[in-house]
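All remarks here apply to the structure that follows.
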Amino acid sequence: MKVTQMYKNFLENEKAGGVVLIIATIVSLLVANSSIGHSYIGFWEMFVGGHTIEHYVNDGLMTIFFLLIGLELEREVYAGELSNFKKALLPIIAALGGMIVPACIHMFFNTGTPFQSGSGIPMATDIAFAVGILSLLGNKVPLSLKVFLTALAVIDDLGAIFTIAIFYSRGIDVMYLAGAAGIWAVLFILNRRNVNILWPYLLGGIVMWYFMLHSGVHATITGVILAFVIPFGKGDPDSISIKLQHWLHKPVAFIILPIFALANTCIIIDSDWSASLMSTNSIGIFLGLVVGKPLGITLFCAIAVWLGICSIPNDLKWMQVIGVACLGGIGFTMSIFITLLAFDDHAVISGSKIAIMLSSVTAALIGLLWLKMTLKEPLSNELTEEI
């Protein structure tokens, strides 16, 4: 069976988007530490209509990113790796290990400290960077390994979304939350009545986002719950869910995530930056992402296979699973996003961002080198195009 063109496009976009994301991060760091650094940071902190520009990026544009994540998850549930329960078990169990172990490592260092709210930071995986790094290895990578990493990262992001909704939502306003639930219920009814026109769902999503913004539950959650009421149908190219997913890939990869990186990596690296890396928070983040992620993913997979709960695909080797588990430690955008919700102190946020970037680069290099050693021979075109 041929791999769908959309899946190929997805991998290609993630690879190119990862490069753009890296460039945006480097540019942001360079400008922030230049002579115009304070003006640059001031731009993102400028108030427009009662909120900062950074706030609009994090609560507005990132909702579109989460909508795409939700649509990806919907596709996996209805027609992808998560559509078959036994096939879905391996990435689900892997993702659980990749969330629980890093969070426990951070908690070990920070329980009882002002940093304990940051335990959700090392739980996340940046799907754009992780898949982008894997794609650098070209046709040496078995398709099942790419699919495993994609499913793992999507489930990981879902776990991060639940973490945000449960632990980082403040001062719940029941009336606004009920309003958002009411809008969602109307959209669900439209879905069940086979209303296959996109604009009612997008319009309802905007209203729902407004209610969520004022409810105390983080507004970006709107993107995910909206995705699951947009009709998927049979998953054919005419499905409005598939069409929207296709339309969103390039804007998210090449506009929204780079803008997020520009807004949230404008960090002034002063003489005390190395001291911030010695804090228990930074140590917890670094060890959580670089050690906890691969340990948790690999350990949980090994236990599940040993118990006979699930099995790894025939064309995968354990050494390759370990390499992908290392790439799971690339937290970057998702980890930074949770950092902004976990802390209010600017110094702590800046220190966390530096730790996240250092951890993500380390995890990427380890994963890339590990896979380069374990993936020896390029696969033929026929093998890379067939499942």
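Each residue, glycine too, has its Cβ placed from N, Cα and C.
For reference, Swiss-Prot has these:
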| type | residues | note |
| --- | --- | --- |
| TRANSMEM | 16-36 | transmembrane segment |
| TRANSMEM | 53-73 | transmembrane segment |
| TRANSMEM | 89-109 | transmembrane segment |
| TRANSMEM | 118-138 | transmembrane segment |
| TRANSMEM | 147-167 | transmembrane segment |
| TRANSMEM | 171-191 | transmembrane segment |
| TRANSMEM | 197-217 | transmembrane segment |
| TRANSMEM | 220-240 | transmembrane segment |
| TRANSMEM | 251-271 | transmembrane segment |
| TRANSMEM | 283-303 | transmembrane segment |
| TRANSMEM | 321-341 | transmembrane segment |
| TRANSMEM | 354-374 | transmembrane segment |
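The recorded stretches the transmembrane segment (251-271) and the transmembrane segment (53-73) share 3+ CB pairs below 8 A when only pairs 6 or more apart in sequence are counted, and are therefore in contact. Between the transmembrane segment (89-109) and the transmembrane segment (283-303), the number of CB pairs under 8 angstroms, six or more residues apart, is three or more, so the stretches are in contact.
Here the transmembrane segment (171-191) lies next to the transmembrane segment (197-217) in space: the count of CB pairs under 8 Å, restricted to residues six or more apart, reaches at least 3. Residues 90, 93-110, 115, 118-119, 121-123, 125, 152, 277, 312, 318, 321-322, 324-326, 328-331, 335, 352, 355-356, 358-360, 362-363, 366 of the same chain lie 6 or more positions beyond the ends of the transmembrane segment (283-303) yet place their CB under 8 Å from a CB of it. Among 16-36, 147-167, 197-217, 220-240, 220-240 has the largest number of CB pairs under 8 A with the transmembrane segment (53-73). Through the fold, the transmembrane segment (16-36) approaches residues 128-129, 131-133, 135, 252-254, 257-259, 261-263, 265-269, 332-333, 357 of its own chain, all at least 6 residues removed from its boundaries and within a Cβ separation under 8 Å. Non-local neighbours of the transmembrane segment (147-167) in the same chain are 10, 66, 69, 72-73, 76, 80-82, 88, 90-92, 94-96, 98-99, 117, 120, 123-127, 130-131, 134, 217-218, 220-221, 224, 297, 313, 316, 321, 324, 327-328, 334, 337-338, 341; each lies 6+ residues outside the stretch with a CB under 8 Å from one of its CB atoms.
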